[in-house]
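Residues or ranges marked as domain 'Major facilitator superfamily (MFS) profile' by TrEMBL: 1-343. Marked as transmembrane segment by TrEMBL: 20-39, 51-74, 80-99, 172-191, 203-224, 231-252, 258-281, 319-338.
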Amino acid sequence: MNAIFGCLTAISSDYWTYTLFRFLSGFSTGGTGLCAFVLATEPVGQSWRGVAGMSTFYFFSIGIAALSAIAYFFQTWRSLYIASSIPSIIFVILLLPFIHESPRWCLVRGKVDEAMKIMRKIAKSNGKHLPDDVVLALDSEVNDDVPDSQSVSKEALNGSLLDVLRLPLTRFRLFLAVVINFLCSVVYYGLSLNAVNLGTNLYLNVALNAVAEMPAYLLTALVLDKLGRKPLAIGTMWFSGIFCLAGSLAKGDGTWKLVRMVCGVLGIFGMAGTYNLLFVYSMELFPTVVRNAALGCATQASQMGAILAPFVVVLGGGIPFAVFAFCGIAGGLLVIYLPETLNRPLYDTMAGMEEAEAKKPSNLS
């Protein structure tokens, strides 16, 4: 869909046709990114889940840096849409055949045999052997008698956004995740778009912003399992907010242009760390049965922030930086109310999560 609608956008004959294909392109892109992240992290064990989740975003930054180079050589919008659609075609042909389904998803859908086959493939690819008597079980079943046969038929468990809203614990988490992702997205996309207000080379500035994200991902991945999700999210959002505040106070031309550019690069450095961290953090806040629905809602909030960002940028002057500073600092304050998920299991069912969380002294600890 991404490749098809991207190429169709390039041959649009009028504005409304163009708008339709851009809408459909955005629809397909959002689904690809979300599912790719969930597929990359759900099969990974607790000790490496954070690092695996963060590593997916290196390619996101490489893509943005590559886009600035592609845009430099294909400066007409029609040719740019075609050139930027080619990677999706490459993905379908070269990568998609080697991707397997998430074993967690298979398990909650009652496809135990399929989940076991995938686990055995993963074990084999790692040079390991999965014992024949191993049986997969949901977290809500750990206290039940586990059957000897791994081919037992189980009822598929379904979850939706309504289930998330029905439980007070997940409802509060979803509200915070939506607002925090929205604020983070305003800053993240806004700082990238704000390059037009800095009076510097547009292609160079976009490339620098993308390059600045990579060390942010590396640094965040290195300290993620030492500091925890919560303090790291607060710190990176406040780091970005402080430099955005500094950028709003930098007036004038000459050296001040460079100062604003540095503030923008450091601001996106901090918010890039938050942006990918929030994906890992958000997926750990919800069980498998509703994870895609909850993450989809949080991602939609991010897209709304991306829609709002251009309207902030066109205000010009120091106003965009001031708005980004407010969003960064406010987002960090809201993270305080989320629970820490470091070294916590990745729950499969609502009942399993609710039972485990009830045993904790405090959900805010």
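First residue shown is number 1, and so on along the chain.
In case you wondered, yes, glycine gets a Cβ from its N, Cα and C as well.
TrEMBL does not curate its annotations; it predicts them automatically.
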The transmembrane segment (51-74) vs the transmembrane segment (231-252): 3 or more CB pairs under 8 Å: no
Positions whose Cβ lies under 8 angstroms from the transmembrane segment (20-39), at least six residues beyond its ends: 1-2, 5-6, 8-9, 12, 53, 56, 88, 99, 101-102, 279, 283, 291-292, 295-296, 299-300, 303
Tertiary contacts of the transmembrane segment (203-224), as residues 6+ beyond its ends and Cβ separation under 8 Å: 50-51, 54-55, 57-58, 60-62, 64-65, 67-69, 71-72, 191-192, 195, 232, 236, 261, 264-266, 268-270, 272-273, 276-277, 280
Local confidence of the domain 'Major facilitator superfamily (MFS) profile' (1-343) - pLDDT mean: 82
